[in-house]
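Participant: One structure, pasted below without further comment.
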Amino acid sequence: WEFNGSFYQPSAFLMMGIPGLEALHLWISIPFCALYLIALLGNCVILFIIKKTQSLHEPMYYFLSMLAVTDLGLVLCTLPTTLGVFWFNMRRIGFDACLTQMYFIHILSFIESSVLLAMAFDRFIAISRPLRHSSILTKTTVIKIGLAIILRGMVSLLPIPFLLKRLTYCGKTELSHSFCFHPDIMNLACADIKVNVFYGMIILLSTVGMDFIFIVLSYILIIKTVISLATKEECLRALNTCVSHICAVLVFFIPMIGLSMIHRFGKNVPPLINTLVAYTYLIIPPALNPIIYSIKSSHIREALLRALRRKTG
């Protein structure tokens, strides 16, 4: 412990695996390894296919590349500590290292939310203004959107580590997960955390919350546009281009909202439920997104098959 008058700060936190199942951690690590492997390989394949296939150099797939890079970042942020806990019972993480991991996990989560919003905007333009789609979303515009997304995440979350460092911490240093999460660290403090709670809630609502609202509004406009199309076949064709994105939105936002609600209001929720929702939020979307887009996008599927034929040929 570092002591400075009445100010206490732990030198490290202790991470938690799956409560009550510590004896089975080695076996539990097998599905986690499988999910991490799928996420790493799947997103790398998506990036490789988009880079090598000239016909995929358009806004929809540029945004998909951003999503794949973000998912890879999330995987690489949590993989070392999660497998460290499961394989070697390495539960200790330094205070500053924990804040750093927490900062990048939250940044990448906010970036993923914003990329999903950008993808919804892309689908709306593609369906409502198909002839102007390429002129509205030029390569330069997509790059500017990507930079704005990164900048928004970095700047909005920059105060969070400093707000946590100013707190006095009590004797309890055990986190609820095998990674560092802002509400989890905040709740270990024995100081007044109203500023942290207020700022965290404001940032969450003004970023992820607003992203979700605008995604819903985008789909309301998309549905209105689709209904106005002449034939049923055109309607189905237009909606079919949105299925992958809708799945990615649901896979990301449902566990994220659930985890946020549990940390803020679910004081009596069993620790196992809290842990499972957290792992679902951080591991399932990066593993499922490349599968969803590979299955639903005929362009990616065909490009992948062509690449495999070249390899085998």
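Cβ coordinates come from backbone N, Cα and C, glycine included.
Pulled the feature table from TrEMBL, pasting it below:
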DOMAIN    42-293  domain 'G-protein coupled receptors family 1 profile'
TRANSMEM  24-50  transmembrane segment
TRANSMEM  62-88  transmembrane segment
TRANSMEM  100-121  transmembrane segment
TRANSMEM  142-164  transmembrane segment
TRANSMEM  197-222  transmembrane segment
TRANSMEM  243-266  transmembrane segment
TRANSMEM  272-292  transmembrane segment
Participant: Which residues of the same chain, at least 6 past either end of the transmembrane segment (142-164), have a Cβ under 8 Å from a Cβ in it?
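Facilitator: Counting only partners 6 or more residues beyond its ends, the transmembrane segment (142-164) has Cβ contacts under 8 Å with 59, 62-63, 66, 99-100, 102-103, 106-108, 110-111, 114-115, 118, 182, 185-186, 189, 195-196, 199-200, 203, 206-207.
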Participant: Sequence-remote contacts (6 or more beyond its ends) of the transmembrane segment (62-88), Cβ cut-off under 8 Å?
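Facilitator: Beyond its ends, the transmembrane segment (62-88) has Cβ neighbours at 15-17, 25-26, 28-29, 32-33, 36, 39-40, 43-44, 46-47, 50-51, 101, 104-105, 108-109, 111-112, 115-116, 118-119, 122, 139, 142, 146, 149, 178-179, 248, 282-283, 285-286, 289-290, 293.
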Participant: On the 0 to 100 pLDDT scale, where does the domain 'G-protein coupled receptors family 1 profile' (42-293) sit on average?
Facilitator: 90
